[in-house]
């Protein structure tokens, strides 16, 4: 279709001839008789006016036709129409069923949630409640910012604008249950924070899930209120995602931890409290006593000058009474030089494993000597202790028939 400028460019009046201009001048200077006949110039002007009128009528009709086309068929001649776009969207295979996982890109966030581009007809919405397995006030607390690409799950549809509703929380729940099943299979000890209590036991947060710890499965005699907001060691007893049932035991965790507390082993602990006679140290959910006499070879008159609640330190297991649940600890045995725990505790912790190894070797030698002394009176074992203290086969130091000890030779317990 020609443009309006092109249309109007053709509407030009023909220039008047020189004879016509002279005739006009003559008519002004020499008025003619009104009754005279019409001149040829006037006839030509009338004819020209009729031609212009015809062009104007054609132009008017052209505009009317264009208007009618715009009114009845506005998209005629356009290569890709709105209807074509809608048809293309319908042909796009996008699964919007609830439970479907989709990949999306966050492009806007606010205090209430986030808008996510999932390549659908419209943007999807992620509310702050569905953004994380933990309670948060803003999606950015869960690391959700514009530009983040993540996998979401469709949980519904907004009826007001047909936009899809997304969730990250549901995906995180599935991963949390899977992780708990894995930890149960591996029979490992986990630390969990106590967040509540009821008539039956404690409620602890494990991998973002609320787990139940029956009072019968708690090793500590402390009241439930004393354990609130504290971390305790736990082992999995039952993990049932279908029934949303997660049961744990503190007693089993403590028992397993105690089994690993060998004499001479070095463990990491946290100072819980100070008493005049020593410091109580938390070593993986078990409270051990670091007696004031076992802090350093040098005398410690005030424990607070060496330790403070919350301090992290390395301690060595000195003794462990499993029946009574008592553990004695020592940093004194870890000192490279007497008094280092007071002057340079950092050096003590750096050399802890090395000093503990020396301690264990001395213990092993002492136990070997004790067994050898017992074997001196048991020649039937075929072993004896030589004069230089080495345990070996029975030699000539003892007669082949052993040592004949009569009852009179054995001292009584009173004499001892």
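Cβ coordinates come from backbone N, Cα and C, glycine included.
Since the structure is predicted, the reported quantities are computational estimates derived from the model, not experimental observations.
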Position flagged as N-acetylalanine [Swiss-Prot], chosen from 45, 192, 368: 45
Composition by DSSP (helix, strand, coil) of residues within the domain 'S1 motif 1' (99-169): 8 helix, 31 strand, 32 coil
DSSP-derived helix, strand and coil totals, residue by residue, for the domain 'S1 motif 2' (187-251): 9 helix, 35 strand, 21 coil
Confidence summary (mean pLDDT) of the domain 'S1 motif 2' (187-251): 91
